[in-house]
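Only one structure is covered here, and it is reproduced in the block below.
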């Protein structure tokens with residue numbers, strides 16, 4: 001009798017009474033994104049403006065230190081991605097365990113005892129995966145960290161994404177204004193006019209769903225590959241050419257091997273270049289086979305890491321520490337032939353189209369998370385009720401419009417990336433590690449399991465490494481924040497001295 005009462009005590013918070021075993025509709029696997037489309041969407045999300053500011057940061061940091069820091073950040077971000085996927089799969093088991101069972105495992109009411117027997121059985125292994133429910137990060141924070149953890153996460157996410165959207169608007173307006181300035185009497189208005197054009201383009205896209213943007217995102221992914229080839233090819237050609245390829249420059253300037261003073265500049269930009277963990281739910285939801293999510297996101301990290309490394313080192317080596325913060329602006333006036341001028345124009349203008357693809361993805365993420373934050377209506381299975389289309393669009397507009405207004409006044413891309421990347425470290429490295437540790441604790445409390453295996457588990461995501469990765473994330477955040485505050489204090493002193 002006492003054992004029966006204990007089981008009922010566990011059933012209540014999980015809302016498991018009366019849940020019958022449900023068989024997932026296999027026909028649903030025929031719908032959704034395939035591997036290539038999912039990778040293209042994720043690459044579009046990651047490579048917004050990160051590759052434009054990385055060469056400048058590399059020139060301040062040095063080649064050897066850049067390689068070490070860049071790929072260390074990629075590795076840490078990849079581990080954090082596994083933490084988010086594992087936490088989402090465990091959340092599904094906690095709130096709706098019946099969806100993990102097959103007809104052969106049906107045995108009446110789904111209880112924690114049944115889940116535990118299936119998990120430890122060699123004949124009926126339980127391997128968790130992300131299912132149909134889309135667990136946005138605020139939902140995971142609410143489940144595992146409580147209300148205050150959810151609020152803290154939303155504050156960090158809002159600061160980061162608003163900074164990212166602000167950077168996208170700045171890149172577009174600066175790039176197009178550099179190529180097509182308005183006539184002399186109105187030249188100063190070029191930036192504002194093109195920022196308005198950008199708003200007309202991206203705000204409607206921000207109100208669409210991801211599945212409605214497949215053709216646009218796939219086309220832009222192909223253009224991105226051409227962009228990387230154009231930048232790398234033109235710099236290599238300039239290095240081999242003895243004459244003047246870029247205006248006022250005939251040979252590479254070079255960069256140091258190691259310059260520790262540049263790390264406070266490089267680290268937040270590197271984090272900014274790899275962050276997408278707050279959008280894993282949105283990017284995962286349309287994927288057809290969710291057991292491949294770990295491989296999809298790993299492929300994205302590998303591709304973007306290679307692109308970043310090649311572009312950052314080559315461009316920084318050629319232009320040196322005095323280069324523009326937005327590296328594509330160095331191609332203004334490039335080329336003495338028709339092909340060269342086409343390449344120069346493409347490098348200048350493509351980032352404008354590139355951020356036009358990344359802006360809606362980020363605005364959708366922020367809008368969805370803000371909507372999830374305020375949506376308390378629940379279905380019988382505990383999942384959030386679907387809001388109306390009007391409500392969804394309203395939150396998307398709340399995410400998209402304010403940063404475009406702010407971009408009229410804030411135009412320093414490097415500074416924007418530094419501050420956004422600093423907050424991004426908390427989103428990328430700190431919250432995923434905390435969620436992973438707390439989700440493991442909940443599995444032990446509710447099912448008497450030390451952990452629950454998932455399709456995304458690997459050696460580096462094991463429990464023993466969780467506190468280490470959490471400490472690294474907190475340490476990096478404090479290191480960069482302290483250096484930014486010292487730099488800000490120094491700037492204030494310089495301004496008052498000049499005044």
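Note: Cβ is positioned from N, Cα and C throughout, glycine not excepted.
Predicted automatically and left uncurated, TrEMBL annotations should be read as such.
The annotation domain 'Amino acid transporter transmembrane' is assigned in TrEMBL to 132-441.
Summarising the annotation, TrEMBL assigns transmembrane segment to 33-56 (among others). Long-range neighbours of the transmembrane segment (33-56) within the same chain, counting only residues 6 or more positions beyond its ends whose Cβ lies under 8 Å from a Cβ of the stretch, are 70, 164, 167-168, 171, 210, 214, 217-218, 220-221, 224, 228, 269-270, 272-276, 279, 283, 286-288, 292, 295-297, 299-300, 303-304, 307-308, 311-312, 315-316, 319, 323-328, 351, 354-355, 357-359, 361-362, 413-414, 417.
According to TrEMBL, the feature transmembrane segment maps to 62-80 (among others).
According to TrEMBL, the feature transmembrane segment maps to 151-171 (among others).
Beyond the ends of the transmembrane segment (191-211), by six or more residues, the same chain brings 41, 168-169, 172-174, 176-177, 180, 182, 282-283, 285-286, 352, 356, 359-361, 363-364, 367, 393, 396-397, 399-401, 404, 407-408, 411 to within a C-beta distance below 8 angstroms of the stretch. The feature transmembrane segment is assigned by TrEMBL to 191-211 (among others).
If you look up TrEMBL, you'll see 223-243 (among others) marked as transmembrane segment.
If you look up TrEMBL, you'll see 263-284 (among others) marked as transmembrane segment. Beyond the transmembrane segment (263-284), the same-chain residues lying 6 or more positions past its ends with a Cβ under 8 Å from any Cβ of the stretch are 38, 41-42, 45-47, 50-51, 53-54, 57-58, 60-61, 65-66, 69-70, 73-74, 77, 80-81, 84-85, 88, 130, 134-137, 157, 160-161, 164, 210, 290, 293, 297, 301, 304-305, 308, 361-362, 364-365, 368-369, 414, 417-422, 424-425, 427-429, 431-432, 476, 479-480, 483-484, 487.
The annotation transmembrane segment is assigned in TrEMBL to 296-319 (among others).
Among the features that TrEMBL reports, transmembrane segment is placed at 339-361 (among others).
Taken from TrEMBL, the feature transmembrane segment applies to 393-410 (among others).
Within the chain, the transmembrane segment (416-437) has long-range Cβ neighbours (under 8 A, six or more residues past its boundaries) at 49-50, 53, 76-77, 80-81, 83-84, 86-87, 137, 140-141, 144-145, 149, 153, 156-157, 159-160, 163-164, 166-167, 170, 265, 267-272, 274-275, 277-278, 410, 461, 463, 466-467, 469-470, 472-474, 476-477, 480-481, 484. Taken from TrEMBL, the feature transmembrane segment covers 416-437 (among others).
Sequence annotations record features per position, and here TrEMBL assigns transmembrane segment to 468-486 (among others).
Counted over residue pairs 6 or more apart, the CB atoms of the transmembrane segment (339-361) and the transmembrane segment (151-171) come under 8 Å in at least three pairs, which marks the two as touching. Spatially, the transmembrane segment (151-171) is not adjacent to the transmembrane segment (468-486); fewer than three Cβ-Cβ distances between them are under 8 Å for residues at least 6 apart in sequence. Comparing 62-80, 223-243, 296-319, 393-410 for CB pairs under 8 angstroms to the transmembrane segment (468-486), the maximum falls on 62-80. For the transmembrane segment (223-243), the residues of the chain that approach it from at least six positions outside its boundaries are 43-44, 47, 51, 249-252, 307, 310-311, 314-315, 318, 327-328, 331, 334, 340, 343-344, 346-347, 350-351, 353-354, judged by C-beta separation under 8 angstroms.
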